[in-house]
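Per TrEMBL, these features apply:
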- 20-38: transmembrane segment (TRANSMEM)
- 50-72: transmembrane segment (TRANSMEM)
- 84-113: transmembrane segment (TRANSMEM)
- 133-154: transmembrane segment (TRANSMEM)
- 166-186: transmembrane segment (TRANSMEM)
- 193-210: transmembrane segment (TRANSMEM)
- 242-264: transmembrane segment (TRANSMEM)
- 313-334: transmembrane segment (TRANSMEM)
- 371-399: transmembrane segment (TRANSMEM)
- 411-430: transmembrane segment (TRANSMEM)
Amino acid sequence: MSQFFQFLQRGTTYKQETIAGFTTFLSMAYILIVNPIILSQAGMDKGAVFTATALSIIIGSLLIGILANYPIGIGPSMGLNSFFTFSVCIGMGIPWQTALTGVFVSGILFVILSLLKIREKIINVIPKDLKHAIGAGIGFFIAFIGLKNAGIVVGSDATFVSLGNLKSPATLLAIFCFILTIILMVRNIKGAIFLGMAISSIIGMVVGVIDTPEKMIGAIPSMAPTFGEVFSHLDQIFTPEMIAVIFTFLFVAFFDTAGALIAIASQAGLMKNNEIPNAGKALLADSSATVVGAVLGTSTTAAMIESNAGIAAGGRTGFTSIIISACFGVALFFSPLLGVVTAEVTSPALIIVGALMAMEVKQIDWSKLEIAVPAFVTILMMPLTYSVATGIALGFILYPVTMLALGKVKAIHPIMYGLCIAFIAYFIYLS
């Protein structure tokens, strides 16, 4: 087992990988609660979505762990589930069954692109500085999500965002968890993020901030209301409206996953010569999970940026992903306990991991304006637009423009020029 996952080469152990898997599981556990809530607003059965969500994570994480040997959790994208519900189903009035079929078709297209290694080629031609900018940008993005979910920053009509209510017990618990975890990390205590969340959850229950569950074990909800619905609505996707929806699923998921994969590989020290080893297998696992997830009854899956919490805890191989899958398998039977893993407990982990990822900025050549500006825009626009894909798109447009302005035509791979044009067309379409 240790030889298969290359423990020695990557400097890890069973204990380290297990702690990392638990840590990522705790950081991702909220998805089991949030995803059903969001998709149920589109008319889907909440219980069925809960089970479909867990199974898609189990299957996707197993695939990426075994095929690509990456310490990554695969799960429903928290951005695309909102797009699915609020833009497609509610905004456009498309039934959830048809929208889910769109997810299924986009997943199949993903599989084809992965098998042809088109996705891998695109990722590997991204300039080094932009890759570091993507990693740092995602760091700022998830740190902002963590601050928001913890109640440390809140929306404001006057200033867009402002400081939250620091007297709130929930916010105070999040701040305590953040400080405790930082102390554990600077003391080099293994599994610091996991321990910080576990201790804070217990304290939260003791002081009454987190509700103590009435029971530990619950029945697994049936997937009957959603399972296989995609096959009975294939004839409804050949409309201009649905083709646009499928394209959007394909486009956003492509670069969300690409961004997450780049950030995770960089954070784990797995990048080699500006390329991601086994990227094709990782992308195939991700796209296969989307197909399976759609059949089961959930929206598009992607490599979860929360995986960086496990990497920060020492995860370096696919064995971490196996542990993630096992944890979600157990979670199917212990659904009442998931309420203990609240935003107050998971948000500090996102802030800390965001800080670790933001260290990527030191790898960017800030002395050259033609590199600095596209990198800066990539980083800045991810949290400000609340979209990884938008930040990547703007960076991919600006980078070729600045290089062309200097006459460095051959410094850019032809694929990058094609992506620049594609992103411009995408923004014109959105407008």
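Quick reminder: no glycine exception, Cβ is built from N, Cα and C everywhere.
TrEMBL labels come from automatic prediction, so no person has curated them.
Stretch with the most C-beta contacts under 8 angstroms to the transmembrane segment (313-334), considering only 50-72, 166-186, 193-210, 242-264: 50-72.
Within the chain carrying the transmembrane segment (411-430), a Cβ under 8 angstroms from the stretch's Cβ atoms is held by residues 121-122, 125-127, 244, 251, 393-394, 396-397, 399-401, 403-404, all 6 or more beyond its ends. In this chain, the transmembrane segment (50-72) lies apart from the transmembrane segment (193-210): fewer than three C-beta pairs between them fall below 8 angstroms, excluding pairs fewer than 6 positions apart. Sequence-distant neighbours of the transmembrane segment (84-113) (same chain, 6+ residues past either end, Cβ-Cβ under 8 Å): 38-39, 41-44, 119, 226, 229-230, 232-234, 236-237, 241-242, 245-246, 249-250, 253-254, 283-284, 286-288, 290-291, 293-295, 297, 299-300. Proximity of distant same-chain residues to the transmembrane segment (193-210), defined by a Cβ-Cβ separation under 8 Å and at least 6 residues beyond the stretch ends, is recorded for 19, 22-23, 26-27, 169-170, 173, 176-177, 180-181, 184-185, 309, 312-313, 339-342, 344-346, 348-349, 352-353. Same-chain neighbours of the transmembrane segment (371-399): 79, 127, 129-130, 132-134, 136-138, 140-141, 143-144, 251-252, 254-256, 258-260, 305, 361, 364-365, 412, 416, 419-420, 423-424, 426-427, counting only residues six or more beyond its ends whose CB sits under 8 Å from a CB of the stretch.
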